[in-house]
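Below: one structure, written as structure tokens.
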Amino acid sequence: MPNHIVLYQPEIPANTGNISRTCAGTDTYLHLIRPLGFSTDDKMLKRAGLDYWDNVKLSYYDSLDEFFEKNAGGEFYYITKFGRHVYSDVDYSDPNKNYFFVFGKETTGLPDELLQANEENCLRIPMTDHIRSLNLSNTAAVLAYEALRQQSFGALLQEPNYDRKIFKD
């Protein structure tokens, strides 16, 4: 079963574009919950995602309720600096589960009510107190690759796939 990145009302097109590229490169599904803080025609969104958009498994939703209704049965983790558990302490290794990593708006995060109702599934990435938060696209990549690492990288190519040879065999 696949891994999923869920963006709740993302505001910065470059972040969403970068995340889409990570999703294309890791075979991770991308879910966007409206309203978005930008147009999907935004040049920053397109530039950050480069020409990989055709390889992104992308779904849109008009609300959190619609998202949860259409993805019932998944295992949901809410990524927040307030999480009581560290992301790397969770087991994502079961290939038969759908793991959903839910991220909030860049400026305000996820709704407090959602976090309070799911306290045990709220995860954080350790950081210093010198910053308010980590960048959304970097955080999404950390979670995507941690899940894939635990799944032995699934179907990803684990050998270089380029014609260019740098190292001697």
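Just so you know, glycine gets a Cβ as well, placed from its N, Cα and C.
Pulled from Swiss-Prot, these are the features on record:
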BINDING   Ile79, Gly104, Ile125, Ser133  S-adenosyl-L-methionine binding site
>> Between all pairs in Ile79, Gly104, Ile125, Ser133 (listed as S-adenosyl-L-methionine binders), what's the biggest Cα distance, rounded to the nearest Å?
In response: 14
>> Just to confirm: which same-chain residues, 6+ apart in sequence, have a Cβ under 8 Å from the Cβ of Ser133 (S-adenosyl-L-methionine binding site)?
In response: Lys81, Gly109, Met127
> Other than its own, how many Cβ atoms are within 10 Å of the Cβ belonging to Ile125 (S-adenosyl-L-methionine binding site)?
Replying inline: 18
> Within 10 Å of the Cβ of Gly104 (S-adenosyl-L-methionine binding site), how many other Cβ atoms can be counted across all chains shown?
Replying inline: 23
